[in-house]
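Let me begin by presenting the structure, written as structure tokens, before commenting on it.
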Amino acid sequence: MGGGKACGVFSRLKNTCTQMEKSINNSVANSFIGTYFKLQQRKTCFTKELRAATATFLTMAYIITVNATILTASGGTCSVADCSPPATPNCTLKPNAGYEACLAKTKNDLVVATSVTAMVSSVAMGFLANLPLGLAPGMGPNAYLAFNLVGYHGSGSISYQTSMAIVLVEGCAFLLASAFGLRGKLAKLIPKSVRLACAAGIGLFIAFVGLQVNQGVGLIGPDPANLVTMTACKSIDPETGACLGGKLQSPKFWLGAFGFLITSYGLMKNIKGSMIYGILFVTFVSWFRHTEVTYFPDTPLGDGNFSYFKQIVDFHKIESTAWVFSFGDFNKREVWEALATLFYVDVIAMTGIMYTMAEIGEFVDEEGSFEGEYMAYIVDAAGTIVGSALGVTTTATFVESSAGMREGGRTGLTAVIIGLFFFLSLFFTPLLSSVPPWAIGPSLVMVGVMMMKVVKDIDWTNIKEAVPAFAIMILMPLTYSIANGIVAGIGLYVALSLFDYAASIINWLGKMRRRMIKEHNQVSATATTGVDSNSIVEII
């Protein structure tokens, strides 16, 4: 009897919720919002768009902490002047309380910068292009800037301020290319094998970063004999970097490995937000103090970070990374190489991802274009300019947008709601800034796994295609440089293509020679025939 009553209550509650949902959907569909976003024309409704936005945000929210962590590795605007005394020239590369405090503030700034860039770009995509695409600072360019241009804690050849100026100029160039409709044409000039290999190579590079000590789980470390080796040491000598306490003895590594398994299992079962769940588990365990895996050790820096963490809700202002452009070093060759590399990655990666998302959403027509394409490209490029002003790298359309489209997202309302979710994240900076590297590392490895799927489309039986592709993929992680891989791959492709060009020229010259000989013979035959006829006439 009691069970029947419970079933009746549940049934009435379900009917009530269904009626409320229909009422909300009808109200929105007949409002200005429904008309503007074309909800009825695209056969969707408000609740579908809300579910789609939630799914997309959950799958791409990891970028907030991951992007901030990677860019913080460059040191940002922190320098030797921020080190605690006595400040030696290499104090930025060794444990130093003053410098680490500066890095903590920089990470807070970059968390906010990432969220604001994602919010502005996603909302603009929704309102201007009416497409259900989520945008945020992309993976790849952030690693290139942090580890190739600026270098770990500023050890590279270009300053953080100059690198932001490079991103700004590249964004402006990309905006012009978008405005004049050149993006698609430029992308088609790049050989398919090179485009695919760049995506896979960047994935390997990002995974390599996620496996290292400084920005990941700590499985890989330096070795004087073999360059790199397996570490995961319980502790590391801060002066020499030597492994202390035995390999594979680090509790933080094993905690990160378990988080990786959580993410992997979730993706296996198509559970939405799987990338987030692994990060959340490892982070939550690391927030407990007085443990071997704590993110808040009993040090002055750990105490300061824990005090900020306990605030939970806080609206943090960007203090160190906004408007820090410096154009003083634009006379250096390295600056123009970096500019060309970022522009190239934008053309082949960002354009390709956006077009792929449009295909998944079935927006592409028979002519190969899609509604809102022009404004989508404009928004994508403008997002990079906004991001550079705040201190982050190139803005990209996220492949995680496909999660929302699978939930039924078909209009820009999905993108607008995604932007609102990023806005809400701005108020939880203390929590987002307290995510440890060993929680981020597994997600970087998983990003690498997901980016490797494109290698199946490379024609490995064709040496002309295979050699440049392999060179790109292996040199990016091994030389610790995305630019080196790109240059080597394009150079090899051009070199191997020279044979085909030379063969074509030789064949053309041979055809021209045979044609000239044939014409010469025809002229000679005609002349001979003419002489014989005259002779015959004279005889007659």
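The backbone N, Cα and C atoms fix where each Cβ goes, glycine too.
What TrEMBL says about this one:
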- 110-129: transmembrane segment (TRANSMEM)
- 158-182: transmembrane segment (TRANSMEM)
- 194-213: transmembrane segment (TRANSMEM)
- 335-355: transmembrane segment (TRANSMEM)
- 375-399: transmembrane segment (TRANSMEM)
- 411-432: transmembrane segment (TRANSMEM)
- 492-510: transmembrane segment (TRANSMEM)
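In summary, the transmembrane segment (158-182) does not lie against the transmembrane segment (411-432): fewer than three C-beta pairs, each 6 or more positions apart in sequence, are under 8 Å. Through the fold, the transmembrane segment (194-213) approaches residues 70, 139-140, 143, 147, 187, 219-221, 231, 236, 345, 348-349, 352, 440-445, 447-452, 454-455, 457-458, 468-470, 472-477, 480, 482, 485-486, 489-490, 493 of its own chain, all at least 6 residues removed from its boundaries and within a Cβ separation under 8 Å. Beyond the transmembrane segment (375-399), the same-chain residues lying 6 or more positions past its ends with a Cβ under 8 Å from any Cβ of the stretch are 56, 60, 63, 67, 71, 76, 109-110, 112-114, 116-117, 120-121, 124-125, 128-129, 131, 133-139, 141-142, 144-145, 164-165, 167-168, 170-172, 174-175, 177-179, 183, 318, 320-325, 342, 345-346, 349-351, 353-354, 356-358, 450.
Sequence-distant contacts of the transmembrane segment (110-129), counting only residues of its own chain at least 6 positions beyond either end whose CB sits under 8 Å from a CB of the stretch, comprise 37, 63-65, 67-68, 71-72, 76, 135-137, 316-318, 321-322, 372-373, 375-376, 378-380, 382-383, 386-387, 390-392, 395, 397, 411-420, 422-423, 425-426, 429, 432-433.
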